Structures are given as C-alpha cells and as structure tokens.
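As structure tokens, the structure follows; a few thoughts come after it.
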Amino acid sequence: MGLIKKIFGTHSEREIKLIRPTADKIEALEPDMMKLSDDELRGKTIEFKNRLKNGETLDDILVEAYAVVREAAKRTLGNRAYYVQLLGGIILHQGRISEMRTGEGKTLTSTFPAYLNALEGEGVHIVTVNDYLAKRDAEWMGEVHRFLGLSVGCILNDMDNDERRKAYNCDITYATNNELGFDYLRDNMVIYKEQLVMRDLHFAIIDEVDSVLIDEARTPLIISGQSGKSTRLYEACDILARQLTKGTAKELSKMDIIMKEDDQETGDFVVNEKEKAVNLTAEGVEKVERFFKIENLADPENLEIQHNIILALRAHYLMAIDKDYVVKDDEVLIVDDFTGRIMPGRRYSDGLHQAIEAKEHVKVKRESKTLATITFQNFFNKYTKKCGMTGTALTEENEFREIYGMDVVEVPTNRPVARIDKDDAVYRTKREKLNAVINAIVEAHKAGQPVLVGTITIEASEEISELLKKKNIPHKVLNAKFHELEAEIIADAGQKGAVTIATNMAGRGTDIKLGEGVTELGGLKIIGTERHESRRIDNQLRGRSGRQGDPGESCFYICLEDDLMRLFGSERLNTIFKSLGLPEGEQIEHKMLSGAIEKAQKKIEDNNFGIRKNLLEYDKVNNEQREIIYAERRKVLNGDSMRDVIFKMITDNVETCVNTSISDDQLPEEWDLAELNQMLLPIIPMEPVELKDNELRHMKRNELIHMLKEKAVKLYEEKEAEFPEKEHLREVERVVLLRVIDRKWMDHIDDMDQLRQGIGLQAYGQRDPKTEYKFSGFEMFDTMINAITEDTVKALMHVRIEQKVEREEVAKVTGTNRDESVAKAPVKRATKKVQPNDPCPCGSGKKYKHCCGGVGRI
C-alpha cells in the first residue's frame, strides 16, 4: 500500500492535481480583474445571471466568477485569497469535503462556492456551529457578497417568523445547523401557507462538517410539547437508587461458559462502563419489589418502574456533574462531549434528564411529547447539493462517503507546517501525570512561551486551575461554565506568557494569533491532558498551534488511569510496568503504548460509526414515512384540489366500512347491516341502512357500495351548499385535514418510539430486528393513514357554519435539541356550553355525547 502511494500519490494528491489547471486559470485572470472599476466588477453578477439563463452552466462560468470574488474580497476586506483557498473553493463547488488546516482561511474559502451557486437564485445556506459565528461571518464575509450585488441574511435564535422569512429569501443565508433543522420541522407543522419561512433546500456549505454530520449525527432534532405524565416516580426511584449497593460481576471466560458457570454477581446492581449500561442483580430486583410493594418487577405493568430505576442508577453512576452536565440556575444543562459547550434547551430523552434532575434535587420537569423530529443525517441529505469544510475529516473519510456520499480531499497548506508534534508522555498514575503537566506549564511560562492546555472535562480543567493557583501562575479557564468569554479568551491565548486551560477545542471557530516575540520563543505550546476517544478531536487540539507556517509544539500527557486506557486494556500494561520497578514520576516510553492508545481510539471510533450506521438504518423507515406525510401535507397546504381529496376520502370510508362488515363471499340475506350502521353512521351521519327482503335479494355488494357512496356524497354536497362562499369550506377542509394529520403523526411518532424500544426482543425469536421494525412500522403507518381519512371525514361531516376556524401558531423552539413548549390556554367561546346529555344543537334528535360531542371539535 505504501509503495502504491509513493508511485501514484494519495487520493487527495491525485484530486488536487486534476483541479490545479482550473485554479491556474483563475490566477491568470487577476490582472484583468484589477483593471475593472467597482461598478464594472459589480456588473459581472448580472452578466453571469444572464449567461446562466442563456444555457451556460455554473462550471462554464466558475473561473471568471471565482476571479471576480477574489478581487472583491481584496477590495472590501483587504484579503487576497491564497492559491490553496481557490483549490478549496473548487472542491466545495463539486459537493465534496475540503480538509483545510486551522488558520488556512476556511471562512474566506466559502465565499467562492457561495457566490457561484447563489447566481442560480435558489438560495445558499452557509452552516455554522453557533449563533456567534453565523452573525460574525454574515457581517464579515457578507461585505464581499453585498459589494457584488447579492443579498445576505442571517438566522439567529431570537428572530420571529417575518425576520426568518426575509433572511431565507436572501441569496446567501448564514445559520446554525440547529436553526435550519428546526425551521424545516416548524414549516412542516404550519396551518397556513403564509406561515412558511424557508425555501427549498438547494445548496449547503457546512463549516466544521465533522462536528455537524458526525459528532451530532446521533442526536435527533426534536420539537416537543409537555405531556401530562407525573414526575413522582423519578423522585421515588432516586430515593431507592441511593439505598442500593453497587456490586461487581465477574466476566466469564470461555472455559466458564463451556462449564456452564453462572455469573458471579454481588450487590444490588452492576455497572458496565464500557457499554455504559446498568443491570440489577437478583438481590436488587427483590429490593425494588419490596420498595414498590409489587410481586414481579418483570410483569408488563411494572415496566415503567423497571425503566425508571435503571435511569436513576445511570444518573448516579454513569452521568457525572461538570463532565456530562452542569447545574445552573436550578436547571440541569447538558455539556457537549465533543466541544465542551453548554447546550441550552437540549434535554436527554427517555426520562434520563428527569432522573438527573431528581439526583441533583432541582425541579423535575415533566416528560415531553414529540411533535416533530429529524436527524441531521436525514436533514442534510435533503439538500440538492451539499459540501463541507473542516480541519480534520480524513479519519472519518469512509463514513462521509458511505452515509453522505461525500468525498474528502485534503488541501495542501499555504506554508509548510512547522509545528513539532511530540510523542505521548505516559505515566503510571494520574498524580504523576498532573505533576508533569504542571512542571511543563511552569517551565514554558517562565520562558514567556504561551501555553494552551486541553482537557476533556470541566472537572479536569478546574483541577489544573487549582494546581496552577498554588504555583502562582496567572491563567484563564475556558469551559462550559464560562463560554460567554470564549472569543476574548481565545484571542489572547497566543500572547507572550499566556496560559489558557480549555475543555475540548472542537468548533471554537476563533484563530489563535501569536503575539509579538512569541515566534522566537517557539510559538504556541499545546498540552493535552488526556487522549479523547476520537483521534479527530485530538488532531483539532493540535491544530490550534502552527497556523500559517507559525512555529509551535504539541504533546499529550496520559496515564494508565485515564478512562480510555482503563476501559481498553491497560490492566496488562499496568502489570508489565509494575514489574519493571520504575521510580515514581518517571515517564514511560514503550512502543506497545502508542499502539495500545491508537488501537483503543480506533476501537471506539469503529463502535461509534456502527452505532450511527445502525441508527440511520432504523431512521430510514421513519424518514420514508416522514417524506410521505410532509409531501401530502404540503399539497394540502397549497390547496391542491381539496374538494376532490375530501370526496375521495368520503367514498373510501364507505368502501372500507362495507368491506369490513360484509365479506365478499356472504349472501345478501347474511349481510350484517346492524354492524355496518354501527361502523358507518358515527363517521357519516346518514339515514341508517335498511333494506327490505326483495331489495336484498336483487342487490350485489358492489351495488350497495355504489348506493352508499352516492348518499354520502349527496350529504356532503348539502353541507357544501350551507356555505355562501365555497372557498370558506375549502379553508375549513384544509385546516381540519392538517390538524388531523398532525395529531395522528404525533401519535405515530410515539408508537414508532415504543416499537423501536421493544424490537430488540425479536432477536430472541430468531428474527432480524431491523426487518421486523420495517414490517411493523409500515403496518402501523397504513393504520395511521386510514385513521386520518376516517377522522377527517367524521369532523367535516359534523362541521357547522357558525364555527370559526382558529389559526394556530406553531410553538417556537428555543433549544438545541428539544423545546419544552408551554401548554396553550384553551380557546374561549362566547356560546353557552352544551352538556353531554343535552339534545345536540345540530337538530339530529340525539344526545350531544352520541352526536357532535363524540367527534373532534374545530
């Protein structure tokens, strides 16, 4: 393999070779562009648009368009794009991922494909990881686009619908991945076309593409409302969890399994940190049964107790404060494992968040009901074309290609990387490692060399901060607790003598520029205090030093007590190093170590990829169903032939009722008309079906269906005649159908969740869980479609002209993952309330509860 690479070069080198001629042509146009006046340069935009209308393609005008953008950036920002940025811009236009090192100017690179693709007039979305970067880039890079006559918008969390609509209608829109995803979901919940804010998803340029499409791929975007479920069980389970004793389980060897040895478990429960799972022992099950006064915890009616006690134990033994979450203002806030940022509004699902709230003695919020949901994988695959930029993507190249169909091309740096990446410094214990880290910081600080210390948890950053205070070393801490000061702290991290401690540096988005005299001192020194489970995150930390050919150095300090080493095979290493009799504090150097670390990281990366791939396979079923529902919903929203749709629903309902109550092989005298009436009349309030003997003898089932269809259609035509303007009824039909679709779809999402949670049991029956999930999911989907038809006809057949159609605004989402929407106040009516046993106001002669009171009111 190494020989082939030497002869033919890497994949990236071969691809770069192919696009260099295009970049050379752009370079050659620079003198011509410099001669143009501002107005002439601006006029090129109209010229390009006309050329596209006349049949030219984007590829035809790419060279000239990129030369125009380069000159515009020089005049507005004072920045002349490097040759490598032109290469990156060409790769992005091709719908690929451009891997560009930190400090190589990814932000400016994005202006090239953004301008070119915006000329089509269908909108370009530039996706950033936070509001700060979206606003900054829209103002900063927006200058280039505005100079060239394009409109630039920015979506921020606190914007209303009118502001969002205006921003999405711009040629180029900057927004976070979360805002885009939520706006897409909200657009598929609106009742009126005028409430839509987005255009079609045309072209997306994703900054920090690995963070968005890989790190956040497992977290679905969820819009949710409050459910009526009590929170007392969480509090009760938390009390019990504190009383249970943690035990251990002996891992069975192959010989034990052959000899049919039983698991040797102690205590009430055991924790498996590798699998992030908790299991009750037989003793623990008995204690739970005694506590809740139940006979058998495994009974179906006790599944909720079983689920909640496991959640409480997970909250206590697998979720750590200041690592996985922080408590701020009487609220539990999640910390992003990859970026170290707080994620306001995001809540763990399946009740885990409530279990943590009970553990931390803050107010336990009620569980929420999912109204709409989508994963980033499926959302970004909806774009006609997408591309991405990042400093580190090659380690996940296979995943990008397999799941997103995106190629990764490494762009060469503008200047050679001068940073020195040292081998890992390995110690036996955490105490020895921390001493070595502090000594390295003190030494660099004395020399005036700036130091950036990267930690994995908030707890670790605060521990190092305390140790530095004892040494009187001035420093700044950047973690999820203090992220408001983020940009300011990072901007100063390259100054002489600066010491900065930061939790994961992924997606920080701010360059660290070296202060005066720092280059001579060796540049920025990076110290990693622990290896992350992803090599990519380690590379991102390293990449903060040595930008644009600056000097720098990086080194990771690790010990055999670190989580990564502890969980993945350090026991054997520990035994070996103990036997060597090394004195305390001495650094261990052994070729086995680097191999063990690399192997552990690769193992976790492969495992995480497997989880994401598995999630996508299950979500594919949900996605296909979502596509159908949202497409049908959009047709209704646009008002496409509503009358025909409703009449078909009415006739379909008649046919379903007849086919269900009367089988094909029954003789007419065997027909159960009472059952038919029982099914049909609550939906379509027609006269009961009564046939005399002589009528029955000469009637076929198809004739009965035809007769009932005619009656039902006539009944609805009479309803139609009650409306002075036909468009009023069409409006009512639209609103009723949309609300029924939304209600049934929300229930279906819950049902699919329940199915997903229980589908693993199918494996015990020698059946493939994924196949069963797909089969059962589509059966449930068919049932939902039939229910939508039935409920819509039922509601419309009972609608009255005096009833006002209420416009309903969709709940605004203010979170990164979930929205705990406040329940809406009921709509007040001026009319007198009708009691269930009163005569129905519609004049049918029936009691209200058996007539209009039995159907959904509008």
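Quick reminder: no glycine exception, Cβ is built from N, Cα and C everywhere.
Since the structure is predicted, the reported quantities are computational estimates derived from the model, not experimental observations.
Database features (Swiss-Prot):
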BINDING   GLN85, GLY103, GLU104, GLY105, LYS106, THR107, ASP511  ATP binding site
BINDING   CYS840, CYS842, CYS851, CYS852  Zn(2+) binding site
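The Cβ centroid of GLN85, GLY103, GLU104, GLY105, LYS106, THR107, ASP511 marks the ATP site; residues of that chain outside this set whose Cβ lies within 8 Å of it are MET100, THR102, LEU108, THR109, given in sequence order. For ASP511 (ATP binding site), other Cβ atoms within 10 Å of its Cβ number 17. Sequence-distant neighbours of GLY103 (ATP binding site) (same chain, six or more apart, CB under 8 Å from its CB) are ASP511, ARG547, GLN548, ASP550, listed in sequence order. In the three-state DSSP scheme, GLN85 (ATP binding site) is classed as helix.
When Cβ neighbours within 10 Å are tallied across all protein chains shown, the highest count among the binding-site residues GLN85, THR107 belongs to GLN85. Of all residue pairs in GLN85, GLY103, GLU104, GLY105, LYS106, THR107, ASP511, the annotated binders of ATP, the farthest apart have Cα atoms separated by 17 Å. Less than 8 angstroms from the CB of LYS106 (ATP binding site) sit GLY88, SER98, MET100, ASP207, MET389, THR390, GLY391, each of them six or more residues away in the same chain.
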